[in-house]
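Only one structure is covered here, and it is reproduced in the block below.
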């Protein structure tokens, strides 16, 4: 009783995380949730957590005098 009729219809696509869409190994969904729960702003855009992660990683790379972001910079 899926409600798609006899032909079957389209099945739902496999879930894809926002981290994989952004090409990051960092939890974009978790950062977004924390931005919303932390009362930083009334509304938080979909790209805000991705930008925040990359901005902080870029700052860490610059502090280490590197021009390329590596996974270690995401952790710092």
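Backbone N, Cα and C atoms are what each Cβ position is placed from, and that goes for glycine too.
Annotated in Swiss-Prot:
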type: REGION; residues: 1-23; note: region 'Disordered'
type: MOD_RES; residues: 2; note: phosphoserine
type: MOD_RES; residues: 2; note: N-acetylserine
type: MOD_RES; residues: 2; note: N-acetylserine
type: MOD_RES; residues: 6; note: N6-acetyllysine
type: MOD_RES; residues: 6; note: N6-(2-hydroxyisobutyryl)lysine
type: COMPBIAS; residues: 7-19; note: compositional bias 'Basic residues'
type: MOD_RES; residues: 10; note: N6-lactoyllysine
type: MOD_RES; residues: 10; note: N6-succinyllysine
type: MOD_RES; residues: 10; note: N6-(2-hydroxyisobutyryl)lysine
type: CROSSLNK; residues: 14; note: ubiquitin cross-link
type: CROSSLNK; residues: 16; note: ubiquitin cross-link
type: MOD_RES; residues: 37; note: N6-(2-hydroxyisobutyryl)lysine
type: MOD_RES; residues: 65; note: N6-(2-hydroxyisobutyryl)lysine
type: MOD_RES; residues: 66; note: N6-(2-hydroxyisobutyryl)lysine
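Of all the Cβ atoms in the protein chains shown, 5 others lie within 10 Å of the Cβ of residue 14 (ubiquitin cross-link). Proximity note: of the listed recorded positions (16, 37, 65, 66), none has a CA within 10 Å of the CA of residue 10 (N6-lactoyllysine). When the Cα of the residue listed as 'N6-acetyllysine' is compared against those of the recorded positions 14, 16, 65, 66, the shortest separation belongs to 14. Every protein chain shown contributes to the tally, and the Cβ of residue 66 (N6-(2-hydroxyisobutyryl)lysine) ends up with 13 other Cβ atoms within 10 Å.
Annotation note: residue 37 (N6-(2-hydroxyisobutyryl)lysine) sits in a helical segment as assigned by DSSP.
Mapped onto DSSP classes, the compositional bias 'Basic residues' (7-19) shows 2 helix, 0 strand, 11 coil.
In this structure the C-alpha atoms belonging to residue 37 (N6-(2-hydroxyisobutyryl)lysine) and residue 16 (ubiquitin cross-link) are separated by 23 Å. According to DSSP, residue 6 (N6-acetyllysine) sits in a coil region rather than a helix or strand.
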